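Below you'll find the structure, written out as structure tokens, and then a few comments.
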Amino acid sequence: MSELKDCPLQFHDFKSVDHLKVCPRYTAVLARSEDDGIGIEELDTLQLELETLLSSASRRLRVLEAETQILTDWQDKKGDRRFLKLGRDHELGAPPKHGKPKKQKLEGKTGHGPGPGPGRPKSKNVQPKIQEYEFTDDPIDVPRIPKNDAPNRFWASVEPYCADITSEEVRTLEELLKPPEDEAEHYKIPPLGKHYSQRWAQEDLLEEQKDGARAAAVADKKKGLIGPLTELDTKDVDALLKKSEAQHEQPEDGCPFGALTQRLLQALVEENIISPMEDSPIPDMSGKESGADGASTSPRNQNKPFSVPHTKSLESRIKEELIAQGLLESEDRPAEDSEDEVLAELRKRQAELKALSAHNRTKKHDLLRLAKEEVSRQELRQRVRMADNEVMDAFRKIMAARQKKRTPTKKEKDQAWKTLKERESILKLLDG
């Protein structure tokens, strides 16, 4: 009980910080969802509130460290007292040891040696006390308080967003405003190539020609005939390709007229809706003659290609006449193909890219303008800080003069007024 009464601890009552009253912005930010985020205008208030919380936490830590130090000092003082007590006991037990020879001399006449007996128990009693002191004198390991590095890491992460704008960042914005060299490449429309059916037909024909040449070469080797037939002539291949293209260009119905001529004739000729050609009954004829006549007049035979001269010139003349009358557009400005989905999607994305790049360029111009304005404001703020230092120097000089019980000189007063007016003028520029 006496140890508890002598305990020097103060047992401080730690008062917690009321977040709703002291830190309302911090409490509101914690109550938000993650998607809302934090605005730039809230950072200054948040900084003040977080510094308030940090100062409260550091104050509590200092009090706890002081209490821990008091406990350590108290334990050391208790150890010193025990050591002094043991020293006194040791000094009290020492005289019998020094008096042993005298007692032996006085009692030596009897020839008995019980003299040293009374001194032994004292030495035995002293030894355990020394061991006990050595046991209790072990240093107490005070646990180290872990360093709270969270505020430092927080302010280090926020620092890039609150730091002053440098000239390098302004140059970076100016470089971003320059149009890229390959910008025109993104708006080019590649030319339309051959249709896949034509390309595949040519590829199939080439493969067939190669396979045929390879098969002919193998057959000639088997027969032992090695001649000019084993190698495929490139001229023959080109001729076959041109022939296949000409056949491919010819419509399936075998009509020699062009597409424009056919469309014009279809617009001028009325369709027989009552009895179409396909539904008309075909008379049955027997015999060779009737078979020959039926074959010649059969609708199937009408689908066979027939030759009409000057079809290409007729097609071109009709096209020129329709263009001259204004019914067709000139080929110099090709009409858009509404069925080309790839081209429509490409132009749609190009329009979106143009709009987005224009929007980004506008925002970059605004950002560059704001950055230049902020740089000028930073210079004014630097001048304000310098003016503040000059005002504080003048104030210290005046206060030092008053402490020395002398009136400030006219020069000191004029200097103070001059610095104050300069500071006010800079503040007006900064606010304007």
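Just so it is clear, glycine is given a Cβ too, placed from its N, Cα and C backbone atoms.
Here is what Swiss-Prot records for this protein:
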CROSSLNK  Lys21  SUMO2 cross-link
COILED    40-69  coiled coil
CROSSLNK  Lys129  SUMO2 cross-link
MOD_RES   Ser280  phosphoserine
COMPBIAS  295-305  compositional bias 'Polar residues'
MOD_RES   Ser298  phosphoserine
COILED    367-407  coiled coil
Same-chain residue ranges lying at least 6 outside the coiled coil (367-407) that approach it to Cβ under 8 Å: 164-165, 167, 169-170, 173-174, 177, 413, 415-416, 419-420, 422-423, 426-427, 429-430
Remote residues contacting the coiled coil (40-69) - C-beta distance under 8 A, at least 6 residues beyond either end: 9-10, 12, 14, 17, 22-26, 29, 142, 145, 148, 151, 154, 158, 161-162
Model confidence over the coiled coil (40-69), averaged pLDDT: 87
